[in-house]
Amino acid sequence: MKRLDQVLANDGVGAELELVIKDVMVACKDIAYKLAQGELAGILGATEDENVQGETQKKLDVISNDLLKDILIANPYVRGIGSEEEDYTVAGNAGGKYLVTFDPLDGSSNIDVNLSVGTIFSVLEAQDDQSGDNQEVFLQNGRKQVAAGYVLYGPSALLVMTTGNGVNFFTLDRNIGEFVLTKSNIQIPEDTAEFAINMSNQRFWEPEMKQYIDDCLAGEEGPLGKRYNMRWVASMVAEVHRILVRGGIFMYPYDSRDPSKAGKLRLMYEGNPMSMIVEQAGGASSTGRIDIMDVEPKGIHDRVPVVLGSKNEVAKVVAYHSK
Ligand code: AHM
Ligand code: MG
């Protein structure tokens, strides 16, 4: 079986980027081991702090953030990092070529109930010589990503990643402490009859999204002509992983609960990396109106409406928005 470093070398990934990805994995393995220990490691429960998004931080959000931040800012090739749990971007090495953004523990409402969570990361190249504590250097659209991935901490820990050459699955072999290749060249089925959305927000959606979901619920007799199934794990990493394995469509659309926010999910460390993975696996990813990776960020914590998954179903949702 091939190890992650062998696959990266085969894909022609340069030594510097490889060392950045390997450091992300050192932190992720540590997170995986801590999660597996659960209550025994004393890492469950909330802190008394809120992050910049106004969300209460879980102990494990903070621990995971510190693991990733500490190893990455010490990496000579990392100019800086941006994290869901850091108010501002943090400088690494002034000579570093790469910028890493991450959500250290996504789906964190699942931590205390022992359900799936994940780490999401995205790597960009610094385009000029500004320091990594200046967020301007990060403000590039998703097409500029040179690598994107997530680690899903489920019954097994899985790394799913792309460097622009297709999508591979790696499983953490705890006996040797390495991620080994377990599936390559992942392709998302183009059609699906399975959607994932938090239905409790329905009354806050735009009319186009309401109409699409109403038509899904109408089943065979409705305009979409098929009977849909629904899933909602409340963990984007788990939803995207299900879609990579068996197809589907995941949506966290714009809603009017807080008009200052364009959606719940964040562009630079949730929307963009997941979009790169999904597109590299033959799927599609949109705000409902434009491709997520074409959205120009204005701030490191920008939010974005997300519609991603099986290509033909995403195209239907986009068509509802252009009516
Ligand atoms: P988080 O980064 O604070 O964990 O929030 C992101 C998560 C996603 O993983 C998931 O799709 C969504 O929030 C679930 O939201 P909700 O609780 O509204 O269902
Ligand atoms: Mg998140």
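Along the chain as shown, the residues are counted starting at 1.
In case you wondered, yes, glycine gets a Cβ from its N, Cα and C as well.
Residues D103, L105 are given by TrEMBL as Mg(2+) 1 binders; from E84, E125, E136, that same site also lists E84. TrEMBL lists D106, G107, S108, S109, N198 as binding substrate, and of K34, K69, K261, K264 the one it places in that same site is K264. The Mg(2+) 2 site recorded in TrEMBL includes D103, D106, and the single candidate from E239, E270, E279 that the record places there is E270.
Cα of K264 (substrate binding site) to Cα of E84 (Mg(2+) 1 binding site): a distance of 12 Å. As a whole-number mean, the pLDDT of the domain 'Fructose-1-6-bisphosphatase class 1 C-terminal' (188-321) in this prediction is 97. With respect to ligand 1, the binding-site residues L105, G107, S108, E270 contribute G107, S108 as residues with a C-beta closer than 6 angstroms to one of its atoms, given in sequence order. Closeness to ligand 2 is met by D103, E270, these being the binding-site residues among D103, G107, S109, N198, E270 whose Cβ falls under 6 Å from the molecule. For D103 (Mg(2+) 1 binding site) paired with E270 (Mg(2+) 2 binding site), the C-alpha to C-alpha distance reads 7 Å. The distance from the Cα of G107 (substrate binding site) to the Cα of E84 (Mg(2+) 1 binding site) comes to 12 Å. Of all the binding-site residues listed here (E84, D103, D106, E270), it is E84 whose C-beta has the fewest other C-beta atoms within 10 angstroms.
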